[in-house]
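Residues or ranges marked as domain 'AB hydrolase-1' in TrEMBL: 76-330. According to TrEMBL, the active site annotation covers Ser165, Asp191, His319.
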Amino acid sequence: MSTKIKMGHPMLLKTAGLDAVPEDRAGTETPPIPRSANIVFSTPYTECYDSKLLIEANGQKINVYTKGVFDSIPLIFFVHGAGFSGLSFGPLVKRICTEGFCAALDLRGHGLTVGDDGTTAPGESMTIENFVADCRAVLDHLFTHVYKPTNTDVQKKSILLCGHSLGGSIATRLAVELQEGYDVQLCCLIDINETVAIGAIPNMMSVLRKKPLIFSSEEALVNWLLSSHTLCSRSSALFQAPGLIHGPNHPKSGGVIADLINSNDNWRNWFIGLNDNFLGKYPGYKLLFIGGMEKLDKETEIAHMQGKLSIEVVPNSGHNLHEDDPNTVAFYFIKYLRRMHLSKKLINKPFDFRKKDPDEDPVPLEEIKRIYGSGR
């Protein structure tokens, strides 16, 4: 069947699992909301987080999700990838919150973070410098206004950083820049390295052009996320939906939030220097989650052979490992934190190689699955 296109009208894309979805190829006007639009989100953020707060900084009202009581270190700080939101870490946070206070922000131009005027930041403002500055402002706020230590002798501002994709690159910059004033003990990356990321940039615009700009319902969004293999877990897709499209009371209800197409001038700078920061300049513990060893670039592979970082492989997952298989990622994450004395019960506690500390024992993967289900 051929598709007729009239000048001045958005093209209708027929996508598996979706109603006809308007996409404005020219980029000159916002596609209209389908008359059948029914944006009702079925899964609240409290399914995985305890609370959320808005932090005003750098002309933004930054939305931050938190889990736990911030009365002891470490702070486990999560930074999501391009086009996603802080909700993407919800399934993982739910499983590892025993190890420390968890916080995940919505980067500018993403999720519920808006400018002082109440609108989502345009793609042009999504620079790596702005992202890093916003993250630093959030960290400063959390330690200044939220942290209420029960142990007054603890002076260190200990942070464990974890970033996915673009968020991983942001995390490496933070890990280097925060050495003064903070104690960054871990930098954990999920499915990202510099060479592979920069190599994928030439294809990004064509990928984004195929993505619908508006969805008629939560179900339409979830079906697209699964059919396009953006996510492999239906439960994760449902949980993250409110961070990906505007809700029922928004003027652009159903519209995709992140303006990635107009951020294209920033893409290369997002990732330049990632390997140097992660493998060279940052002196602390390093952990990398990947879907397969073939995803490593040469620099990272050499660093791994030299013992400079730990790598955990999470098979049968897509790019969003932490959403597709949160059980396996949580298992390895908790195991690593406890082995390296980075969890809240062990942090800064001396190693005793003569006798194992009971708090060093990992949580068995089968136990995580029993408590939380398959995660799919």
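Note: Cβ is positioned from N, Cα and C throughout, glycine not excepted.
Caution: TrEMBL annotation is automatic and unverified by curators.
In this structure the C-alpha atoms belonging to Asp191 (active site) and Ser165 (active site) are separated by 6 Å. Geometry remark: His319 (active site) versus Ser165 (active site), CA distance 8 Å. For Ser165 (active site), applying a Cβ distance below 8 Å and a minimum sequence separation of six or more within one chain yields His80, Gly81, Ala82, Ile190, Asp191, Ile192, Ala197, His319.
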